Ligand code: UDX
Ligand code: ADP
């Protein structure tokens, strides 16, 4: 079975880059990415390819090559579903904010809406691929809706979890460690569907990296991978606090530990806390599923990874207050970076949001500079917390266009995202702009202590 037309529902951080790479690598397949958000689709179609809505190194070049050749962005969801042999679902699955599972379970309403729309529109057999991060057994729910509300056409449901990391999405898609495809491999039809998706990826991914499993293993592997990665970050962050008390340096510990080939060096960088749309959500899902099966010890074990992360964010903010003579009331604090990591304009669950909120509760005045995040996004993130009114957030938080501007009259600077450009700032100039003593808090272990102390900064770095 050869796939000719792909439709992807959801033109976000997952759907956009993934489909752009599939289209670039498979010129004979038509790929249409649809979204109900008109603004977003308009931005994907912007004549100036630098204006696409998602910032990812290398992405604009891929879009430039494939767009209007075999890559299309549209708001006509029905038409794209109708035409497709294979439909990827890449819509958002936020944590539920109401009802049963509030604050833990994934809200599947967008997924369900997609399934109902597919069922309503489809007149020919479809392969439906779950791409969004989902709790285990979502495929079953999808199949149930499709089979019971559809027009009698046949559906095969595949799970194809996304392992791309933002900031390196294009490279991760081009050279994945593995691609996981879960399907009903015990039936002929299921096997055919799995093979069809394998053939798509085989255009550029070596066969031995294409892993096929049953659907449940595929869904659970995604949650497990993210839980393990997040656990490493929480583990090293736990050690960072101990390092600060004992005179050890977390970077040295991390290096020593990571050189053990059984442990490995990646994801051992201490920080102000992990963020992003996946880690917290996936672990909460894992906790919720474990609890729902009565596995309380399993649930508690994983929940601790989140509790440690919350502690790390709070601890960093508290350190700022404590160092500034136990009060930041009326003091100007500059935050360098708002994105949850460098090289992305995504801010979901970014530690910066929580650090800012903590400092605002302590009546600080906040000034933010981030090279890629838009001003409206910063206010939207703070408003979403509902800690104070939108007007108050606007009054207390200022967003500026350069790091130098943020430093003017500031009592302290806190580095919250590891953007490369922060390393190369003229720190002498920044020091001159600030009130004295000038405090510098490095939440990413990005800056060199000795040079900053030589300039005159009072320097604090996480884990040393
Ligand atoms: C993650 C997974 O890596 C990816 O496979 C999955 O598909 C989606 O979730 P992402 O959230 O984009 O990707 O970024 P990632 O690089 O994993 O970083 C997550 C957070 O952990 C960031 O806030 C990052 O700054 C932080 N982090 C990461 C650390 O604090 N220390 C580290 O050593 C690594
Ligand atoms: P992710 O990081 O998982 O890609 P995003 O929030 O960046 O998440 O993207 C998800 C996209 O899915 C959003 O642009 C949203 O508008 C879109 N979306 C949600 N529900 C639907 C739907 N029923 N039909 C089309 N698009 C949808």
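For all residues, glycine too, the Cβ spot is worked out from N, Cα and C.
Noted in TrEMBL for the protein shown:
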BINDING   10-15, 35, 40, 91-95, 132-133, 166, 278-281, 348  NAD(+) binding site
BINDING   162-166, 222-226, 262, 269-275, 340-341, 444  substrate binding site
ACT_SITE  278  active site, nucleophile
DOMAIN    334-449  domain 'UDP-glucose/GDP-mannose dehydrogenase C-terminal'
Separation of alpha carbons, residue 165 (substrate binding site) and residue 13 (NAD(+) binding site) (Å): 10
Rounded to the nearest Å - Cα separation of the residue listed as 'active site, nucleophile' and residue 226 (substrate binding site): 7
Neighbour tally for residue 95 (NAD(+) binding site), based on other Cβ positions within 10 Å of its Cβ: 18
Neighbourhood of ligand 2 - binding-site residues from 10, 35, 162 with Cβ under 6 Å: 10, 35
Inter-residue Cα distance where the pair is residue 340 (substrate binding site) and residue 166 (NAD(+) binding site), in Å: 10
Cβ contacts of residue 270 (substrate binding site) (under 8 Å, same chain, 6 or more positions away): 236, 237, 239, 240, 250, 251, 254, 445, 462, 463
Close-lying binding-site residues around ligand 1 among 35, 92, 95, 273, 280, where CB distance stays under 6 Å: none
Subset of binding-site residues (223, 226, 273) lying within 10 A of residue 95 (NAD(+) binding site), CA to CA, in sequence order: none
Secondary structure composition of the domain 'UDP-glucose/GDP-mannose dehydrogenase C-terminal' (334-449) [DSSP: H/G/I, E/B, coil]: 45 helix, 19 strand, 52 coil
Cβ neighbour count (within 10 Å, all chains shown) around residue 280 (NAD(+) binding site): 21
Residues near residue 165 (substrate binding site) in space but at least six apart in sequence (CB under 8 A): 172
CB within-chain contacts under 8 A for residue 273 (substrate binding site), separation at least 6: 237, 309, 310, 312, 313, 316, 351, 354
